[in-house]
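Everything on this sheet refers to the single structure shown next.
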Amino acid sequence: MKFVLLFGVLLVTLFSYSSAEMLDDFDQAVEDELLSLIEKEEARAKECTPRFYDCSHDRHSCCRSELFKDVCTCFYPEGGDNEVCTCQQPKHLKYMEKAADKAKKFGGKIKKWFG
């Protein structure tokens, strides 16, 4: 009986060790694949255009604000014939960000009072 028990423990130990090795190999392969994808993404990334800067060269290059991406807005200045494009935040998104910020601050106060 002792021999069967000892053999069973040895078998379980070897099985768990081999399955752990297989999982490590699998995790390493997944990690390598993910790193290669991230490197490709970083190489593709480009600089964004800050708010109120010229975005006529690439109208989709505006930076993100805290919650929303700025929009490239084009207009003709008064008395001018040239079109000017700048990255701006639409007013409704500006108000939504302010409301979200106030709600976050109010939630912090509530948590402080009752937490």
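Placement of Cβ uses the backbone N, Cα and C atoms for every residue, glycine included.
Per Swiss-Prot, these features apply:
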SIGNAL    1-20  signal peptide
DISULFID  Cys48-Cys63  disulfide bond
DISULFID  Cys55-Cys72  disulfide bond
DISULFID  Cys62-Cys87  disulfide bond
DISULFID  Cys74-Cys85  disulfide bond
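Taking the features listed in Swiss-Prot, we show where each one sits on the structure.
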| residue | record | Cβ contacts under 8 Å, 6 or more apart |
| --- | --- | --- |
| Cys48 | disulfide bond | Ser61, Cys62, Cys63, Arg64 |
| Cys55 | disulfide bond | Thr49, Ser61, Cys62, Cys72, Cys85, Thr86, Cys87 |
| Cys74 | disulfide bond | Ser56, Arg59, Glu83, Val84, Cys85 |
Go through Cys62, Cys63, Cys72, Cys85, Cys87, the listed disulfide-bonded residues, and name the one with the sparsest Cβ surroundings, counting other Cβ atoms within 10 Å. Cys63
Three-state secondary structure, Cys55 (disulfide bond) (per DSSP): coil
